Amino acid sequence: MDQLFYASEVFINGLMTGVMYSLVALGFVLIFKASGVFNYAQGVMALFAALTLVGIMEGQVPFSHLINATFGTHLSNFSWTVGPVVAILLTAGVMVLLAIVIEKLVLQHLVGQEPIILFMATIGLAYFLEGLGDVMWGADIKTLDVGLPQGISDTIEQATANWFGYGFFIDRLDIWATIIAALLVAALVAFSQYTKQGRAMRAVADDHQAALSVGISLQFIWIMVWSIAGFVALVAGIMWGTKSGVQFSLSLIALKALPVLMLGGFTSIPGAIVGGLIIGVGEKLFEFFVGPMVGGATENWFAYVLALIFLVFRPQGLFGERIIERV
Amino acid sequence: MLDATQTQDNLLEVNNIEVIYNHVILVLKGVSLSVPKGRITALLGGNGAGKTTTLKAISNLLASERGEVTKGSILYRGERVADLNPAALVKKGVIQVMEGRHCFEHLTVEENLLTGAYTRSDSAAVKRDLEMVYEYFPRLRERRRSQAGYTSGGEQQMVAMGRALMSRPETILLDEPSMGLAPQLVEQIFEIVKAVNEGEGVTFLLAEQNTNVALRFAHYGYILENGRVVMDGDAAELRENPDVKEFYLGMSDEGRKSFRDVRSYRRRKRWLA
């Protein structure tokens, strides 16, 4: 019996981890849908957003190392700190600014080019952003605390202990992450289904030329989509940053988003969510049941092997856009 | 080519434009035409004659296909429009319905129509116009909730035209509306073009390979060959022109002739010499 409870606890924790994966995958899907660009820089955007958030909250002087090295000064921090809400808003502003700069300097000049060229541009962008983050805010590991509750939830542990005689260990941060992710997805879906700009976004995703012909400005839509993706990256950055610190490895969560996308389909918002949950739960359960037999550490590869299997049998993913073909 | 009285109410004037794709491929070699207000003007010619390119040069959709107008000018209401992006042109009242429909496949029919009103902000009027479009295309009202990708070719052509109408245009550049449609549907589509032209006073410049239908519904026609205008005139006149009859309508005074006998020789002699 205990084994069963333990397994369901693993399952629930897997769901929570999956939500985190979904958040990152979501950013990819948004940009891919609207512009056909696979944005390699999505993970780095999450890192950059988290770095900026920490920097703003702590009142760090941007580029302080560079300034100090050039002018021999000893700047490091302003005399103020900023509250989390204001800092998050400011960071969101920075992400919008970033979207505008990316559109003006990169995307605009590559209109009508092959997807592979746009993809390579985003690889360049990823390295550039990584460096920019370092130079702006320093390369040290930072802790991020925006006031989200953390640690094991005692209430749940007690309640489940009373009901089942087995206390579930669930991190409160995971619960909040789930709630926030659900709200974010609901907001995104509502936006794309029921607003004029959302409709235009889907129109652009379907057919660039036709969207242009009815007077939709691709530039504007792209800036909007990259801003939204930047905001999603910020949310993902906050969650992951709170969980495991803001450092370079944060950008690597993008690698976990890849199998999520292959599973869920590159073009589907629900796919990103379900894909993330499947991978999260799958890798935790696999580790729990099969891990001990093969010496553990299955979490490192499970997602990729699953993705590989999917690529062979269902390349468009679970929810990938059916290609509409009229005969 | 055109008399002076007509020039005054010309909405659109294209003067001797040259279009080059990818910096090397010369597609239009000096095309001039004028589109009078409230009329249906047809742009005729075979594959590769330059009809689509002419329309895209006007609506400025060329840029996204790496094409550019290198010579000549395009005037809309006497104003140069070469530097305006498509969105600005739509606001000015010029919208293109592209060849091959180009519906937004994953949007419903009604959503497709609503994207046509993207540049407008008067939501009450947009709602009225949606009704107007459904009046012209009753079929679309029945299918308003279906995904456009799953509608038939004729319905998609209606979606594309209705979508353009939703921008409340003064001029519609209609590219090859008959493409891939059954003759009966082609007729129906052109009837609607005529009805919109008369009912809403929308000016049309339509590119068409189906010379027969186009000349029956248009007021004026230009015939394009190889990137040049080779002939123009009132539609009724063109219909009676022996060369047009022979080359584009497949008739001649001596009855039907084999293409092998006449086509290459007389065409080259008359127009390309």
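Including glycine, each Cβ sits where the backbone N, Cα and C put it.
What TrEMBL lists as transmembrane segment is A:12-32, A:37-57, A:77-102, A:109-129, A:175-195, A:216-240, A:260-281, A:288-313.
In this chain, the transmembrane segment (A:216-240) lies in contact with the transmembrane segment (A:77-102); the count of Cβ pairs under 8 Å, excluding pairs fewer than 6 apart in sequence, is at least 3. Comparing A:109-129, A:216-240, A:260-281, A:288-313 for CB pairs under 8 angstroms to the transmembrane segment (A:12-32), the maximum falls on A:260-281. Under 8 Å from some Cβ of the transmembrane segment (A:288-313) lie the Cβ atoms of residues 6-7, 10, 256, 258-260, 262-263, 278-279, 282, all in the same chain and six or more residues away from its ends. The list of residues near the transmembrane segment (A:216-240) in space but at least 6 beyond its ends in sequence, with Cβ under 8 angstroms from a Cβ of it, reads 20, 23-24, 26-27, 30-31, 34-35, 39, 42, 45-50, 53, 88, 91-92, 95-96, 98-100, 102-103, 107-108, 111, 144, 146, 148, 173, 177, 180-181, 184, 188, 197, 200-201, 203-204, 208, 246, 250, 253.
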